[in-house]
């Protein structure tokens, strides 16, 4: 691409300036405090209902102390990839404990959750293979599929009939991989895993579940979607992240030992990326210990989720088919979604706007996410303010 063509392409990207000119830009908002149920923005108190810290562990003093201890012992970074000089004993310890949690033989760490999908999908599948994706799968799954050069086929969201129909048309001798979110990050619903494993068995397809938003939320001890349904043995690969329930940064993939060994020596996002920092690993280890040994965190998360969902539904909000602490509040208009987000922040409530192309414009929404550490009073305050702002915006469900 010539320099002129690149400049021309960039010149057409004007949505940011349009939103800023209207005072509606809602991204890259700088937070001046710890990621808690209340944060400071522009020196003002704001209720945080946009965080993925489902268990509220990012401010747990035990986790902070574990990170500080790791900094003192190992330093700030590993200065290399896992493949070469960047493997610490605590990396291996964390992999072992994650394998135990999700019920798989082995696991491999990645430096980010995004890389945890990018590496495995791109190296396990090839040009003559087929990858089947839910149309609402995460961007990292889509990008990993593109990098594999496989033939990518999307099926309707959580539509098992469509998945079966798409698989039925593929050559029986070809390699096939189904990749799905466990809990979908925008809609908050859970994959129909029982039906999916039947279809995967029927068509000899491998199955990978992205548990980024499921780990610490569902399943025994927070082990995720496969555990939630009692189908661990039927899922070939389980992916998870540490930036949500586990209060850190990074990710992993777990599966059979031979598959994980293959990934260690072929997944580029392991071989050519610096490994997780010592502080991140230690934080994850301590958060994992707390998640398993203190079930009250998950219990509180679900108490808050059920309470907030009840309050929102009784107030007339459209929540779609959510089954999780991710409560999508549908507005179904891009500009109104930005307006509501801005007005809520001005009124002391932080939520995340989700608009096209992340979702179709007629399904635009704000994502209202619960934490175990929210109080009912905080939820009540947020709902009261949302009712007022939605009525000002003339959102149809609340008029």
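Heads up, the Cβ atoms here are built off N, Cα and C, so glycines get one too.
Swiss-Prot lists 113, 114, 241, 243 as binding pyridoxal 5'-phosphate, and of 91, 213, 221, 265 the one it places in that same site is 213. Of the listed binding-site residues, namely 241, 243, the sparsest Cβ surroundings within 10 Å are found at 243. Same-chain neighbours of the pyridoxal 5'-phosphate site beyond 113, 114, 213, 241, 243, judged by a C-beta within 8 angstroms of the site's C-beta center, are, in sequence order, 52, 112, 116, 140, 212, 240, 242, 244, 251.
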